[in-house]
Amino acid sequence: MRILLSNDDGYLAPGLAALYEALRPLAEILVMAPEQNCSGASNSLTLSRPLSVSRSAATGFYYVNGTPTDSVHVALTGMLDTKPDLVVSGINNGQNMGDDTLYSGTVAAATEGIMFGVPAIAFSLVHKEWAHLGDAARVAAEIVRHYLDHPLPGQPLLNVNIPNLPYEELKGWRVTRLGKRHPSQPVIRQTNPRGEPIYWIGAAGDALDASEGTDFHATASGYVSITPLQLDLTHTQMLAATRDWARAGSGAS
């Protein structure tokens, strides 16, 4: 078995090292991660300049001067002679639930695997800081082992959020849907030394839909949340209404 491991916090992140150690007994691991923290990079590819790949003398991890998506893209199309059995991303320093998944570099690294036909799992630790990182890595390894032993059909993309709790306090796994957040906080305006305005992106909004069945509800209740995602963004319930709308518009002229 071979696993491609990446993240969005960068190749020096504690979450990456912990996940690597937890997965080593399960498969051959190739690590390819961003050089810098790329939180919020989403599925961006670097097209304006060439990318370079380096290798850490300390860990053997490969890293690229680009995004999480770049990392997986380069590994799959430029380094590996055969497809890995699984792409794994994480462990992220902070949750990726609800709307977070659209911005998340952690989820994006996993998504890039799916783009090339490789099943993928993204792992995030709810709440920042690494208080129970070892416990989260243990859970992640259990989920990966279960997938390798009992693969899901097709090419699944799983988004996993692990409560920041001791292993013994976790209540188990729950399959969930994405919740929803309130809009993010307004940007924070400041002034640079030259008197020019600069802006910091505001904090993410609080949970809007944290009802039972959502990732927010599961993790708040002490469960590991597993949400199956898909690449098809088509709003199927809007197709009929949109056809009627387009038909009326094209006939109006």
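For all residues, glycine too, the Cβ spot is worked out from N, Cα and C.
What Swiss-Prot says about this protein:
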type    : residues         : note
BINDING : D8, D9, S39, N92 : divalent metal cation binding site
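Here the features listed in Swiss-Prot are painted onto the structure.
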residue	record	DSSP class
D8	divalent metal cation binding site	coil
S39	divalent metal cation binding site	coil
N92	divalent metal cation binding site	strand
Per-residue Cβ crowding (10 Å cut-off), top of binding-site residues D8, D9: D8
Among S39, N92, which are binding-site residues, the residue with the most C-beta atoms within 10 angstroms of its C-beta: N92
Residues close to divalent metal cation site centre defined by D8, D9, S39, N92, Cβ within 8 Å: N7, G10, A13, G15, N37, C38, P68, N93, G94, S104, G105, T106
